[in-house]
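Visitor: Pasting a structure below so you can have a look.
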Amino acid sequence: MHHAAETRAAKFTHKRILFHTSHLMVPLLVINDSIFVFDVDHVRILRDHGIVGVLVGSLPKAPQQNVFLGLPLQLSIYEAIWLVQAGIATLVDGLKFNTFLALKNKGSALITLPSAVPYAITYDTHRHGPGDDLTPFTILPEDMISQYCKMETNYSESREFWPHYLAFKYLRDSQYFMMPGLRFGGAFVAYPGDPLKFHSHWIVKVLRPQEEIDLLKLVTSGRLATAVKKAWLLVSEDERFQREAEKSITASPKMQAFSIEWAGFG
């Protein structure tokens, strides 16, 4: 029994080392087109870089409740792509990588890394080093975006991916913490710091250049934002930027932003 316990501990240690050797980038596991982080240390690293995500895991002792959730942390496509282009994280095929881990931990002599790798890491930083076991399972961010835009369930959003991503990048680069804004009728909710410490300032609505705004929608959105002690923020990319640098995750967009709030209301 003592030997079995040591074996289990060795497997767990090996799995941890696989992620942390040579200061690797944080692995973002892609599973069924969703993006997850399973390691609490990695969650802490992402939060230090202003990426919050959403906890979606149930607690082992209370799996039926949904008030307090735990790991894994689920990221939006915008958060994941921003992390990759910033050199903080890398997208990993979760199924292939976990299958490889399981077989390797069993000591299978048949396991070998793929000889011809269809994916490659495009953003080389100091976080990569020799012996990077994640490299054969890395997914190109462009492939992830293409797959996202093809998903039928996200059709209405897929047409707006680039305007939304550029707006997210613009605000995150401006040191705002971003969270989903659906419950307030916006694309995002922007915080001036960690959401655990600060109240959100903006409900973000993303517009295309020269997109018309319904005045009734403008009024109701502004009143809603003021009622919940926020301002309604309209964000759009500059029309000249859209023509010159469309569909580039590394570009620094020139953006326009206008805030709306009702004085003396709410």
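Numbers run from 1 along the shown chain.
Every residue, even glycine, has its Cβ placed from backbone N, Cα and C.
Those TrEMBL annotations? Automatic predictions, nothing curated.
The following feature annotations were taken from TrEMBL:
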type: DOMAIN; residues: 27-93; note: domain 'TSEN34 N-terminal'
type: DOMAIN; residues: 161-239; note: domain 'tRNA intron endonuclease catalytic'
type: ACT_SITE; residues: Y191; note: active site
type: ACT_SITE; residues: H199; note: active site
type: ACT_SITE; residues: K230; note: active site
Visitor: For K230 (active site), which residues in the same chain are close in space, meaning a Cβ under 8 Å from its Cβ, but six or more apart along the sequence?
Guide: F184, V189, S200, H201, W202, I203, E261
Visitor: Using DSSP, tally how many residues of the domain 'TSEN34 N-terminal' (27-93) sit in helix, strand and coil.
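Guide: Tallying H, G and I as helix, E and B as strand, the rest coil: 18 helix, 26 strand, 23 coil.
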Visitor: Once near-sequence residues are set aside, which residues in the chain of Y191 (active site), 6 or more away, have Cβ atoms under 8 Å from its Cβ?
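Guide: The list for Y191 (active site) reads Y176, F177, M178, M179, F198, H199, S200, H201, given in order along the sequence.
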Visitor: Per DSSP, what is the residue count of the domain 'tRNA intron endonuclease catalytic' (161-239) in each of helix, strand and coil?
Guide: 30 helix, 21 strand, 28 coil
Visitor: Mean pLDDT for the domain 'tRNA intron endonuclease catalytic' (161-239), as a whole number?
Guide: 92
Visitor: Would you count the other CB atoms within 10 A of the CB of H199 (active site), including those on all shown protein chains?
Guide: 11
